[in-house]
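Per Swiss-Prot, these features apply:
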SIGNAL    1-22  signal peptide
MOD_RES   C32  sulfocysteine
BINDING   K37, E76, S139  L-thyroxine binding site
MOD_RES   E64  4-carboxyglutamate
Amino acid sequence: MAFHSLLLLCLAGLAFVSETAAVHHESEHSKCPLMVKVLDAVRGRPAVNVDVKVFKKTEEQTWELFAAGKTNDNGEIHELTTDDKFGEGLYKVEFDTISYWKALGVSPFHEYADVVFTANDAGHRHYTIAAQLSPYSFSTTAIVSNPTE
């Protein structure tokens, strides 16, 4: 019974993250080629002040810092990059989960949650990376769309 409740909670949270990310992606921020959204699954609200770093894989096969930011009151980061700078390549979005949970007085299992993805290999796209966090798990989803003119 507890498993079913937990499963329903996770599914509801994923639906919430997917819906809110899609709504915001089509708003005034639709020209932003990379947007991040983070939800605190324990408290059922946006995760505020989560440090996020974006890395790009270099030709030498190392990760180079590409962009960084901190989630706002809506759990979002916009304007991490511009269309001109966000070229084809392999990217890694790193969510600093340990600092977020420790600031709330919680000892989490994960120190970071990483999402690695290939961008713009099939033409220019806009990406929303959404993460749902809890102290012992995380899940992510992505919305990939054509730019809005």
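Along the chain as shown, the residues are counted starting at 1.
Note that Cβ sites are derived from N, Cα and C of the backbone, with glycine treated the same way.
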Maximal Cα-Cα distance (Å) across residues annotated as binding L-thyroxine, namely K37, E76, S139: 16
Spatial neighbour of C32 (sulfocysteine) that is closest, considering only the recorded positions E64, E76, S139 and their CA atoms: E76
S139 (L-thyroxine binding site) - helix vs strand vs coil (DSSP): strand
Helix, strand or coil at K37 (L-thyroxine binding site) [DSSP, three-state]: strand
Least surrounded among the recorded positions, given as C32, E76, S139, when other CB atoms within 10 Å are counted: S139
